[in-house]
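What follows is a set of notes on a single structure, which appears directly below.
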């Protein structure tokens, strides 16, 4: 089908394709609905296309999902918001299908349409739809209805509002756990639209029912409701109604509910305010940090820094630090890893003295952890500690461990150290760097793992940028160039890569006098991989050096390589010659 015919794609073909056995054809026609609607015009879309879609009970979930998505953006094709209500029947049908993702998409589209509808149309069409779904015989309709109340409620007259609140309360006590789950997860959105007077009376009683549900999957969704409702209530109401629920949930018999509390704890603390947090939530948090389920400890450990920020340093040192010490030697590597990813952030909260006395030993033990991810998480956040304790102490206590990790048997740990080196270099200063870390940077260029060699080449370039060309000329360039004679061709290739990265930093003069001769010499290498990499490097050097150097040195070398017996060498040499011709023409 030619593109020019697409706007006139006939409805008959669409209907045929929608009934076709081939699912791909059915999908294609559903995804072309907007094109069809434009071709039909607004009136025919309303009178023919939408009713046809309402009757179309395709059994394939993928087609239904595409239809639910398309209808959400269909208002312009049916004549604007005044006709938006014609889109409701097909979406209402989709809200009752068995497949969850189709229902969710239909609810999303209904919310999008409802948000644009005029108030009288909402009262006339949208609210009755919500009521029908909420009273649906099949549980899928009732599940879907929960996600629509927050759109329907604000426009409803007072009598209907009372009815909608009562309906929502019924859904929260539904026989089917799936319906109660949906009601629990949408409670926050619905509560945000309810007036303050009814919030305390109706919504809080609904919420309390959900928090005592016999299904843990409902209770854990009620945990999210704690944070949402806490933001809507006055502080004193929040302490009276929400705080006891959080404390109870932190001791729930289901680990999944306790996990949810640990995960949401910071948001819950924000909801209840700093004072109740210090008095009531600290003991609850300590319990979660010492929970007998590793998953709960992982979630709690990941929030330790955020939680400490709410407390004063004395409380954090007194209550939280002992738990942190225990977690640093936890039997689960994932708990230690979660702790390592955030523990560095505690240094600014606790201050210099407490960091030196209490946290540094924990950092050191985690830096020497047998599990690589734990070590990685500590390395990547070292700068947060440096800001608190200063570089001298950091270098005395942590640097020996870092040097040890630079030779770690896990290459990912070595890689993390390399990526951290430029930041460390800028913090340590040039003198300290030369003494302790300079040799390591050269050693990595000869690593057995390609990713390490590649990162080491980038590291050398970043160091040259940090300390300047003069320093690089003295400390990096001679050592890098010495390695071009390494007997293994892979290491020689790394040096070529390093040269191509260093050249723009070092400038034209040093490139011509020091780097270019080494590259030209490498063109005589017996290994084809080296030769075609020489061609690539020469191409990258062409814009850096003067045109006279290109003509006298680079082009003759490339011409020679373009006649090489190896096909790849000839290809890259020709490509480099073409690039140099284009540079000449543009200049």
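Backbone N, Cα and C atoms are what each Cβ position is placed from, and that goes for glycine too.
Over in TrEMBL, the protein carries these features:
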- 10-48: repeat 'HEAT' (REPEAT)
- 164-202: repeat 'HEAT' (REPEAT)
- 203-241: repeat 'HEAT' (REPEAT)
- 242-280: repeat 'HEAT' (REPEAT)
- 281-319: repeat 'HEAT' (REPEAT)
- 320-358: repeat 'HEAT' (REPEAT)
- 359-397: repeat 'HEAT' (REPEAT)
- 398-436: repeat 'HEAT' (REPEAT)
- 476-514: repeat 'HEAT' (REPEAT)
- 515-553: repeat 'HEAT' (REPEAT)
- 554-587: repeat 'HEAT' (REPEAT)
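Helix, strand and coil residue tallies for the repeat 'HEAT' (242-280), in that order: 33 helix, 0 strand, 6 coil [DSSP].
As a summary of secondary structure, the repeat 'HEAT' (515-553) carries 29 helix, 0 strand, 10 coil according to DSSP.
Residue counts of the repeat 'HEAT' (281-319) by helix, strand and coil are 31 helix, 0 strand, 8 coil (DSSP-based). If you look at the repeat 'HEAT' (203-241), the same-chain residues 6 or more away from its ends with a CB under 8 A from one of its CBs are 165, 168-169, 172-173, 177, 180-181, 183-185, 187-192, 194, 248-249, 252, 254, 256-257, 259-261, 264, 267-268, 270-273, 276. For the repeat 'HEAT' (242-280), the model's pLDDT averages out at 80. Sorting the repeat 'HEAT' (476-514) by DSSP state (H, G, I as helix; E, B as strand; all else coil) yields 34 helix, 0 strand, 5 coil.
Counted with DSSP, the repeat 'HEAT' (554-587) comes out as 28 helix, 0 strand, 6 coil.
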